[in-house]
Every structure is written in C-alpha cells, then in structure tokens.
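Participant: Before I ask anything, here is the structure I am working with.
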C-alpha cells in the first residue's frame with residue numbers, strides 16, 4: 001500500500017519538499033542557512049505575536065509599554081530580547097546565505113535569486129520599522145533620518161515624506177502605520193519564502209563543485225533533516241547565549257532614553273546589520289546620490305547573474321576569484337565598522353574608499369578576473 005504521504009494532497013507537497021526531495025550528496029554546511037532562516041522567521045513571528053499582545057502603538061505609551069513587557073509580563077524580558085536578538089541572528093544567517101550564493105554561483109538560478117533579493121529588501125524594511133516601535137531616542141531619530149531621505153526624490157519627494165509620516169513630522173500616525181506594516185510584512189516574507197522554495201525545487205539545489213549532481217542524488221530525509229536539526233540546535237544555542245548573557249550587546253544605549261524630538265543624539269546610527277549600507281549612504285556628499293548608492297548597494301545583487309563571465313559556476317576551483325570574494329567580505333566588514341563611527345577625518349575617506357571598492361569589486365574586478373581565469377585554462 002502506498003504511503004499516505006505520497007497520496008494525501010497536503011502531505012504530498014510536504015513529502016516532495018522535505019522528505020523524498022532529491023538532494024545533491026555533497027552539499028556542505030553552507031547549505032544549512034536556508035532552514036536556519038526559516039527557523040528565525042518562525043521565532044520572530046511567534047515572539048512578535050506575544051509582544052504585540054502587550055505593546056501599544058501610541059507615542060505617549062509605546063516606550064512605557066515596552067518597559068511594562070520587560071518588568072511585569074511573565075517572561076516578557078525573555079520574549080523581548082529573543083525578538084530583538086533574533087533579528088540579529090536573522091541577518092547573520094541572511095548575510096551568510098547570500099555569501100554562499102555568491103561563492104558557489106547559486107545566483108545562476110535566476111528566479112530563486114531574484115526572489116531572494118526581494119526577500120532581503122522585505123526583511124530590511126521589516127527590521128527598520130521594528131526598530132522604530134520601542135520609541136526610544138534612536139528609534140525616533142532613525143525613523144526621521146531614514147524617511148527624510150525620500151525627500152531627495154525630485155518633484156514628489158517632500159510630499160511623499162509627509163504622506164509616509166502622516167503629518168509634518170514623525171509622530172503618532174507614523175508609529176501606528178509602522179506597527180501595522182511591521183506586523184503584516186513577516187507573513188508576506190513567509191509567502192515569498194514559499195515561492196523562493198518553489199523555484200528552487202524546480203531546478204534542484206546547487207552544490208559546492210558547481211557541476212550537475214543529477215547522477216548523485218540522495219533523499220532529503222533522513223540525511224539533511226538530521227544535518228539541519230544540528231544547525232538549528234547550534235543557532236538556538238547561540239541565540240539563547242546572547243539573550244541570557246548579554247542581551248544589550250548589539251543594541252544602542254540611546255534607545256533606553258524615551259524619544260525626544262527636541263534633543264538630537266550625538267551619533268544617529270541604525271542597528272549593526274544596516275551599518276554597511278549606512279556607510280555607503282554617508283560616503284556620498286550629495287543627498288540624492290547617497291540614496292541611490294544605498295539602494296544600489298543591495299540592488300547590485302540582482303545584476304550579478306548577468307556579470308557571470310566564468311566558464312565554471314562555482315568559485316571552488318578559481319583561486320583568483322576566491323581572493324576577490326574574501327576582499328569583498330573584508331570590505332563589507334570595514335563598511336560596517338565605518339557606519340558606526342562619527343563623520344570625521346579618517347573615517348570619511350576610509351568609508352569613501354571602501355564604498356568605491358565595494359562596487360568596483362562586484363561590477364568590474366570579479367567579471368574581468370573570471371575572464372582571466374578562463375584564459376588560464378585555455379577555454
């Protein structure tokens with residue numbers, strides 16, 4: 001008798017996605033991050049749901065409602081810090097997942113990659129709006145600075161900003177709509193992640209060698225389910241360690257001060273996972289130019305498949321491209337550091353050079369190096 005999982009309409013979908021899915025036999029731990037991102041999303045939705053039960057999206061009570069969650073709600077402090085640090089874990093997994101895609105040429109699956117870029121934008125938008133909700137100093141001023149960037153759009157800019165604010169400044173209307181969007185976006189992200197998987201399963205997974213693995217496939221369960229569970233356990237260990245030992249390590253002390261429109265903090269900066277983009281934004285003295293550079297710093301990922309000039313898919317056997325890849329990683333770490341520094345002498349020029357190098361590596365140096373490597377192999 002055929003298994004129920006192969007005949008039942010719902011079980012059939014689960015079976016073909018997570019049980020009998022033919023998977024390359026040689027995918028490494030770098031392929032674990034997809035499932036880890038799924039776990040992160042579930043954790044964020046669940047903790048967010050419980051936080052929303054106690055949070056009030058009103059400028060007068062938002063800050064005190066977060067304080068109430070931490071002090072009076074049963075395990076409220078745990079839920080709040082799991083949610084805040086869960087976002088950091090989410091972005092760590094995201095960056096590693098994208099890095100894996102770049103290194104092993106997974107971007108050649110065009111639909112999967114483009115939906116991934118869309119997901120990255122959606123997660124960044126969600127995280128930004130979530131950072132505004134506690135209504136601390138950095139929440140308020142971060143919202144003011146980032147939404148104000150839209151005023152750089154010619155002709156409609158200032159109207160657009162006031163439309164987003166729901167008034168003439170960041171106020172009650174802004175907070176309420178940010179809460180509404182912050183609540184709904186994770187469900188849109190979950191739906192997009194489903195489409196992401198749908199397109200991935202059309203082609204099957206890539207593997208470290210970048211070669212076709214059609215001749216050597218194994219079922220996803222039990223091999224990769226066990227492997228994914230190990231990854232999940234390590235993620236939970238890292239997250240709980242962070243939450244229970246140093247929950248404020250990645251936060252900003254300014255956000256423990258209630259929002260005050262009359263007092264600007266000395267250094268306005270976003271959460272650590274946006275610092276690289278923030279550094280690119282600040283490296284251009286012109287407002288519109290900075291906004292375009294900020295958007296392009298993420299959108300450039302969508303161009304990468306069209307700049308693939310190598311005859312090989314993966315970087316596994318391309319040492320020169322590997323060198324450039326790790327220079328790109330170092331450059332992003334440099335940008336992250338610069339984004340958290342004040343705008344003064346050594347940091348300005350370092351940020352500008354790192355920003356130029358970022359675009360130069362992706363758009364020019366990597367494609368040229370790939371062509372050079374083709375010639376080395378007489379292809």
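Backbone N, Cα and C atoms are what each Cβ position is placed from, and that goes for glycine too.
Got these off Swiss-Prot a minute ago, pasting:
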- 33-53: transmembrane segment (TRANSMEM)
- 77-98: transmembrane segment (TRANSMEM)
- 83, 182: heme b b562 binding site (BINDING)
- 97, 196: heme b b566 binding site (BINDING)
- 113-133: transmembrane segment (TRANSMEM)
- 178-198: transmembrane segment (TRANSMEM)
- 201: ubiquinone binding site (BINDING)
- 226-246: transmembrane segment (TRANSMEM)
- 288-308: transmembrane segment (TRANSMEM)
- 320-340: transmembrane segment (TRANSMEM)
- 347-367: transmembrane segment (TRANSMEM)
Participant: Cβ pairs under 8 Å only, please: of the recorded stretches 33-53, 77-98, 347-367, which one is richest in them relative to the transmembrane segment (178-198)?
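Facilitator: Most Cβ pairs under 8 Å with the transmembrane segment (178-198) come from 33-53.
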Participant: Three or more CB pairs closer than 8 Å, sequence separation of 6 or more: does that hold for the transmembrane segment (33-53) against the transmembrane segment (226-246)?
Facilitator: yes
Participant: How long is the line from the C-alpha of residue 83 (heme b b562 binding site) to the C-alpha of residue 97 (heme b b566 binding site), rounded to the nearest angstrom?
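Facilitator: Residue 83 (heme b b562 binding site) to residue 97 (heme b b566 binding site), Cα-Cα distance: 20 Å.
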Participant: Flag the pair the transmembrane segment (226-246) / the transmembrane segment (77-98) as in contact if three or more Cβ pairs fall under 8 Å (sequence separation 6 or more).
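Facilitator: With 3 or more qualifying Cβ pairs, these stretches touch.
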Participant: Can you name the far-off residues of the same chain, 6+ from the ends of the transmembrane segment (288-308), with a Cβ under 8 Å from a Cβ of it?
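Facilitator: Counting only partners 6 or more residues beyond its ends, the transmembrane segment (288-308) has Cβ contacts under 8 Å with 98, 102, 105, 107-108, 110, 113-114, 117, 120-121, 124, 149-150, 152-154, 276-278, 280-282, 355, 358-359, 362-363, 366-367, 370.
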Participant: By a simple count, how many Cβ atoms lie within 10 Å of the Cβ of residue 182 (heme b b562 binding site), its own Cβ left out?
Facilitator: 21
Participant: Taking Cα atoms as reference points, rank the binding-site residues 97, 196, 201 by distance from residue 182 (heme b b562 binding site) and give the first.
Facilitator: 196
Participant: Just going by other Cβ atoms within 10 Å, which of the binding-site residues 83, 97, 196, 201 has the emptiest spot?
Facilitator: 201
Participant: Report, as numbers and ranges, every residue of the chain located at least six residues beyond the transmembrane segment (77-98) whose Cβ falls under 8 Å of a Cβ in that stretch; write 'none' if there are none.
Facilitator: 30, 33-34, 36-37, 40-41, 43-44, 47-48, 50-51, 66, 69-71, 116, 120, 123, 127, 130, 235, 238-239, 242-243, 247, 250-251, 271-273, 301
Participant: Could you measure between residue 201 (ubiquinone binding site) and residue 97 (heme b b566 binding site) for me? Cα positions, answer in whole angstrom.
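Facilitator: Rounded to the nearest whole number, the Cα-Cα distance is 17 Å.
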Participant: Which residues, given as numbers and ranges, are at least 6 beyond the ends of the transmembrane segment (113-133) yet have a Cβ under 8 Å from it?
Facilitator: 55, 57, 62, 66, 87, 90-91, 94, 97-98, 101, 106-107, 139-140, 142-143, 146, 174-175, 178-179, 181-182, 185-186, 188-189, 192-193, 195-196, 199, 270-271, 273-274, 298-299, 301-302, 304-305
